[in-house]
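What follows is a single structure, and I will ask about it in a moment.
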Amino acid sequence: MARSKTSHNWLKEHFNDPFVKMAQKDGYRSRASYKLLEIQEKDRLIRPGMSVIDLGAAPGGWSQVTSRLIGGQGRLIASDILEMDSIPDVTFIQGDFTEDAVLAQILEAVGNSEVDLVISDMAPNMSGLAAVDMPRAMFLCELALDLAGRVLRPGGDFLIKIFQGEGFDEYHKSVRQMFEKVQMRKPSSSRDRSREQYLLGRGFRGRSE
């Protein structure tokens, strides 16, 4: 079957993308690794020995970066609806994060302890229709924030991919209520035409009793 013009243009952009070439050279599974590395360079989110949850982890670019930074004394729980090839010392939970059963598996993996950081690169399959895509994207963001509120230690941090659009302002307000400091990040490795940004919440205020 002949490729569409859109598909051809995507393939051309993909293979000409310097971050794709860097990922292949550096041994990372996706160009997304450089988004996290750039944020890490600026904000020093990830430190040795930390306990981290990585949502939307497949194919594993963020988990690779995080695993290397937290080292053998750290703990990383990764989850995605898609399969992900194993990474040493990473606990992977495959399933749909919108399902209660998958959330329960993540909480079981966390156990009675708390985590230092929740990161999420989740995004729904995009249809190109903002009226459809934004509610789906914001729903995933809300679920990730709810998980963060349940598992983070006081002072913990939260990093999530988010798209500007309907629901963003309300979500930003919710994060500000939960964290001492909230900032936006747009890594240079994020494609110019993409509306994605990363919202960073620092200093979890703790759960209200």
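Including glycine, each Cβ sits where the backbone N, Cα and C put it.
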Where Swiss-Prot shows GLY60, TRP62, ASP80, ASP121 binding S-adenosyl-L-methionine, which of ASP89, ASP96, ASP133 is named for the same site?
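Within the candidate list, Swiss-Prot flags ASP96.
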Non-local Cβ contacts of ASP80 (S-adenosyl-L-methionine binding site) (under 8 Å, 6 or more apart, same chain)?
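Long-range Cβ contacts: LEU55, GLY56, ALA57, ALA58, PHE92, GLN94.
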Would you count the other C-beta atoms found within 10 angstroms of the C-beta of LYS161 (active site, proton acceptor) for me?
23
